[in-house]
Structure formats: structure tokens, C-alpha cells
Amino acid sequence: MITIVFYILSAITLGTAFLTILSKNPIHSAIYLVLCFFSIAGHYLMFNAQFLAIVHIIVYSGAIMILMLFTIMLMNLNKEDERHKPILSRIAAVVSFCLVAFVLLATFIKAQPALREYKVSGQDYQSIQVLGKVLLNDYMVPFEFASVLLLVSMIGAVLLSKKEHINS
Amino acid sequence: MDQAIIIEKGIFIVAIFAITMLFAMYETLAERKIAAWLQDRIGPNRAGPGGILQPLADGLKLFSKEEFFPATQNRFLFICGPAISMITALMTSAVIPWGSSLNIMGRDVVLQATDINIGILYVFGVLSIGVYGIMIGGWASNNKFSLMGAMRAASQMISYEVAMGLSIIALTMMTQSLSLSDIAAGQHGWRWNVLYQPVGFLIFLVCSFAETNRTPFDLAECEAELIGGYHTEYSSMKMGFYLFAEYASMFISSTVLAVLYFGAYNYPGMDWVKDNAGANIASILGIGVLFIKICFFIFFYMWIRWTVPRFRYDQLMKLGWKMLIPLAIANIVVTGILILFFDNNLHL
């Protein structure tokens, strides 16, 4: 039963991901990407990671993709005026994606022992209580760095929009 | 045993769906009646005694209207728009605790479709995808007024979601749980959250007006500037679905307000009733109390609609970003300090 659900979800994830790249209309691409994000949230739910699934939906489908759709609609990219990208940048994109995938794989393999510890101790490691404790005790410094990074990018965005305003 | 749970939940879900639909139907009548009352008119009174059959007549009219499609290449997305709005309006009710458990034939029936431990985030997630219905429909209409309406709706919802999330953070700091059933149970008797979080409640209330696209925040369908906003090109039951979704989400957001801040199914003296009349009677009374609170909030929505005029767009953004968000952050800080000082007293 669970295997069948997994295969259906995977088919949806891969299909919508390909359609995101292949469809000519940017709005259709964005909508396929939203569907892709939803199916990824479904994968999280299959691991019983409810918090992760919901946060994924709120952040990616609910905020980032809406802003993306917003921009595409305002820019009115209906015409297929896609610029041709040079071969070199395409190769660079593929290589950098492979490297990121490699790093992710390494992290997940390293994360396995920690998971086993939780499984042995019988704690509900998917619950927000455990997640919050781990995030603010064991991974305090990276967590704070991430928040500083977000703050810096936010201030940067505000600064960029301000400058344009003064020039015009 | 497993089958019994499936049947129980199935009946419960169908009942919730029916109640939501019934409420949405009669909200349309209530809106017109309340508008008439506030403007010293009589209101609809022709269909049935006191206009009680008016919603059915409206539905029949919408169904029998011509189905019109604008010149667009996105017929599928055009149909998807109202459908998504309707689905997201109905999805939230899955995590609402409608009452404490009932004891029917020796079985404890929990009056909640599903008790996930992140219920409040689920409500928030469904809310954040609700804007897709308006955006996709507005874009697929191939009409610049519809697109403008959709843009306004999207930017407004994103802006007010931030303040809403921040006000919920202050609430969860006190309740120590994200599960709606825990939050409801924690407000036993008179300990309603609104007494501990008045500022948070105010922010949440304003934001839920913005999220349901009701006046004074209904810039998405501002008739004077945008014809009909995002549903300009819609006709027949597709437009009916957009309007119906607004009323359904009004019912649901009234429910969320009642559950989070106004004590859900709790009422003063519920222990006395439980001791003297039995748990079932107390529980049924609790459901009645919850629905009274919901009706009050629905009335409040309509009262505001016919009292306060629509904001201008820059006023809307200023209120969201420059007033509500700083206020919500200050509320979080103050709540944190108070919890630190009076930890034992505030422990709900």
C-alpha cells in the first residue's frame, strides 16, 4: 500500500519537475513547480515528518512561489522571449547541481547514526519539541548564522529598492 | 475496531461539510438582512417566510445562467481558479476541535476530524495556498482588471500573513502547544486566551479580515476601480463558487478565532454542568456555545463590512507592514518577558 503511494508520488514529483523545465509558458512552469512542491510535502508526510511537510508548504508553495508568480504576472512574460543561454553556463549549472547533490547525499548518510540513536531511545524525533531542542541546543550556531544571513539579505533587498527610488 | 473508526470519521467529515455549506448558504442571507437592518431597510422577504428560501433561489439563478468563457488559451486554469478557492476554504475544518469528546454507546467519540500535533500550522498552510485560487483565476481570465485584482489580493494576503503568524507565535508561547485540541482544552472555564493575549487577538482579527478579502480590505474586488476584480470574467456557478468560498472561509475563520482566542467549546460553569447533568450534556452544551461564538464573529464580520469604508491601497500596506508587524513583534517580546516573570501564574 505504502509502496504504491510512494511510486505515485514519485511519478508526480518527477513528471511535474520535468514539465516545469519543458513548458514554454512561464506561468505554467511556475504552477507545475507548485505541484512539484506539494508532492515533495507528500514525501515528507510519508516519513511522518508533519512539521517539515507543513513548513515546506507554507514557505515554498505559500510564500516563495506566490511571489514568483506575482513577478511573472507583473512582468507579463507571456511571449516566449526566452534568451538563448551559452553552452558554458549550462554545463556549469549541471556541474554545480551535481556537486550540491553530492554534498546533500553525504550529509544524509552522515545523519543516519543520529537517527538510529533516536529510534533506539524511542523518542518521537519528528515532533516539534525534539526538533526545537536539537535546533537550539546542538545546532545553535548554524541556526543563528542562518537567521543573520536572512536578515542581511532582507536589508539588502530594502537597500536596493531604496536606491532605485532616489535615482528616479 | 478500525472499521468503526473509519465509519465514525466518515460520518463526522460529511457532517462538518454539510454544516459548513449550510452556514455559507445562510450567511448570504444574513449578510443582506444585516445590511438592510443597518441601513434601515427590510431586506429580502419574498422567497418563503422572512426570505428564508432566498439562498436556494439565488443558487437556482446562478446555476441556470449562461456559462461564459472569455477568449483565453487557459480554459483549464480558468476552471481551476474557483475550484481551488472552494477546496482551500473547506480544508481547514479538518483540524478544528468542535467539542470535547462525546460518549455514544460506550465509545468515546472525539469531535475532531484529525488531531495532528501541528494543527495551527496546518490552518496557516491552507490559508497561504488559498490565494492561488484568486491568482490563477485572475490571470487565466485574460483581462487586465482581473489581473490587477489578483495582484492586489496576493500582495495583501502575503503582507497580512506575516503579522498573523507573529501573533500566533505569541499565543503558542503561552499554550506551549501547536495542537488545536490542546489549545482548546487549555482554555478551561473562564481562562480564555483573549484575556491573556488581547493585543495578539486584535492583530489576528484584523489579519483574518484581510485574509478573507472582506471589507475594509476587499481591494481585490474594488468595483469602482476594477469592475469586479478577479471575478470580472466569471459567470454562472463559477462566480457563485468564488462568492461561496468567501462565505465558507468567513465561517471557518470565525471558528478559528473562537477556538484560538475565545475559549472554543469552554464556558464558565462547565464543571458544574458536568457534575450535575453528565459529561454528554456538558459536551453538547459546549458545541452549542462554540456555535454561538462562531455566529457572533460572523455577525461581527458583517457589522464591520457595513460600517467601515474600504481602505486605500497605500493605507492597507502601511497598516500591515508599519503598524501590525512591529506591534506583533513587541507583543512577542512582552509575552516572553511576562512568561519569564510570572511563569507559575501564567502556566495554562
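For all residues, glycine too, the Cβ spot is worked out from N, Cα and C.
TrEMBL: automatically predicted annotations, no manual curation.
Annotated in TrEMBL:
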{"type": "TRANSMEM", "residues": "B:6-26", "note": "transmembrane segment"}
{"type": "TRANSMEM", "residues": "B:76-96", "note": "transmembrane segment"}
{"type": "TRANSMEM", "residues": "B:116-137", "note": "transmembrane segment"}
{"type": "TRANSMEM", "residues": "B:158-178", "note": "transmembrane segment"}
{"type": "TRANSMEM", "residues": "B:190-210", "note": "transmembrane segment"}
{"type": "TRANSMEM", "residues": "B:241-264", "note": "transmembrane segment"}
{"type": "TRANSMEM", "residues": "B:284-304", "note": "transmembrane segment"}
{"type": "TRANSMEM", "residues": "B:324-342", "note": "transmembrane segment"}
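Proximity of the transmembrane segment (B:116-137) to the transmembrane segment (B:190-210) is not established, fewer than 3 Cβ-Cβ distances being under 8 Å for residue pairs spaced 6 or more apart. The stretch in B:6-26, B:76-96, B:190-210, B:241-264, B:284-304 that contributes the largest number of Cβ pairs under 8 Å to the transmembrane segment (B:324-342) is B:190-210.
Counting Cβ pairs under 8 Å to the transmembrane segment (B:241-264), the stretch among B:6-26, B:76-96, B:190-210 with the most such contacts is B:76-96. Listed by sequence, the residues of this chain that lie at least six past the ends of the transmembrane segment (B:6-26) yet keep a Cβ under 8 A from its Cβ atoms are 55-56, 59, 90, 93-94, 96, 98, 107, 109, 111, 113-114, 244, 247-248, 250-252, 294, 298. Long-range contacts of the transmembrane segment (B:190-210) within the same chain, counting only residues at least 6 positions beyond its ends with a Cβ under 8 Å from a Cβ of the stretch, are 156-157, 159-161, 163-164, 166-168, 170-171, 174-175, 183, 216-217, 253, 256-257, 260-263, 266, 268, 301, 304, 316, 319-320, 324, 327-328, 331, 335, 346, 348. Here the transmembrane segment (B:76-96) has Cβ contacts under 8 Å with residues 13, 16-17, 20, 69-70, 112-116, 119, 122-123, 126-127, 129-130, 132-134, 136-141, 180, 230, 233-234, 238-239, 241-242, 244-246, 248-249, 252, 255-256, 259 of the same chain, all six or more residues outside its ends.
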